[in-house]
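These come from Swiss-Prot:
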- 8-28: transmembrane segment (TRANSMEM)
- 51-71: transmembrane segment (TRANSMEM)
- 74-94: transmembrane segment (TRANSMEM)
- 106-126: transmembrane segment (TRANSMEM)
- 133-153: transmembrane segment (TRANSMEM)
- 165-185: transmembrane segment (TRANSMEM)
- 197-217: transmembrane segment (TRANSMEM)
- 228-248: transmembrane segment (TRANSMEM)
- 256-276: transmembrane segment (TRANSMEM)
- 289-309: transmembrane segment (TRANSMEM)
Amino acid sequence: MNRKHLPFIFALLLCLSPWVSSPTALVLGFLLASTGLVPSQLPISTYTKKLLSYSIIGLGFGIQFQQAIAVTSDGIGLIVVTIAGTLLLGFLVAKVIKLETTTAYLISAGTAICGGSAIAAVAPAIKAKDQQIALALATVFVLNSLALFIFPVIGHALALDQQTFGTWAAIAIHDTSSVVGAASAYGEQALTTATTLKLARALWIIPVALLSAILFARGNGEEGKRKLVLPYFIFWYCAAIAFSDLFPQFESVYQGIFSVAKQALVVCLFLIGCSISVEKLKSAGAKPLIFGLSLWVVISTTSLSWLLLTR
């Protein structure tokens, strides 16, 4: 490295601090890549995939399995339908607009489950490239930012009660951070409902990632045999959830691990941002954003309509 790469080192260290959010980290990496300040000799892709796996495992310690299942028993049906419906709709829309399959699937997974965390979990399972991950994350983050402001306004305009708004936010907003932000702005009960449902929704990272590995099994060797690459970190993610539930006396330790994992994920997003530039975005076109927006509008309107009809 030389002096030219000092901004990269500084930005990386900054992402280790609690002052940089995930969207900011992604933007920082993107800006450095666009200005040629990312060291070309670093195997960033390798570092990113390993750190992503470790981060997802650590996040498992922050999910209270039994509590999430118990509290969300009434809403589990809607969660399953919306997840399956979003993935299916994403497949169909991608075919119509001819969007590259892997990028479309990542955006669909992020929309269906829990935004950036779902994308981060599914990406290694389907061997997604950094550019594909970055495009999916960028799309989700843009829509997340809009949701943070739009959802409370719509909720008040329609006079939604606290539970209805909390349920809607948990289903229709991608990332947990934006769900919590929008729900807290609406009310305390909405916040409780939204947070619990969103955590239960996050549990679906496990089966979706495993299913993704099967669907995206690649051909291997000259004979063209199918090779299944199992995302073993998902099993460790599941083990982390189970362990923290079986041994609750170490809650303070789990919270520490969870906090470190969240910060590591911020670093991952910075590294992913370093893999994409203005030139690459231009070559991708507007299709990813159009695709993500289409899915988001459909899932938001249909879930809200169902909640209004059944309340």
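Cβ atoms are placed via backbone N, Cα and C, with glycine included.
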Among 8-28, 74-94, 165-185, stretch most in contact with the transmembrane segment (133-153) (C-beta, under 8 angstroms): 165-185
Proximity of the transmembrane segment (8-28) to the transmembrane segment (256-276), 3+ C-beta pairs under 8 angstroms: yes
Long-range environment of the transmembrane segment (106-126) - Cβ separation under 8 angstroms, sequence gap at least 6: 22, 49, 52-53, 55-56, 59, 82-83, 86-87, 89-91, 94, 132-133, 135-137, 139-141, 144, 173-176, 178, 198, 201-202, 204-205, 208-210, 212-213, 215-216, 229, 231, 233-234, 237, 265, 268-269, 288, 291-292, 295-296, 299
Spatial neighbours of the transmembrane segment (256-276) far in sequence, C-beta under 8 Å, 6+ residues away: 8, 11-12, 15-16, 18, 20-23, 25-33, 38, 44-45, 47-48, 51-52, 54-59, 61-62, 116-117, 120, 130-131, 133-135, 137-138
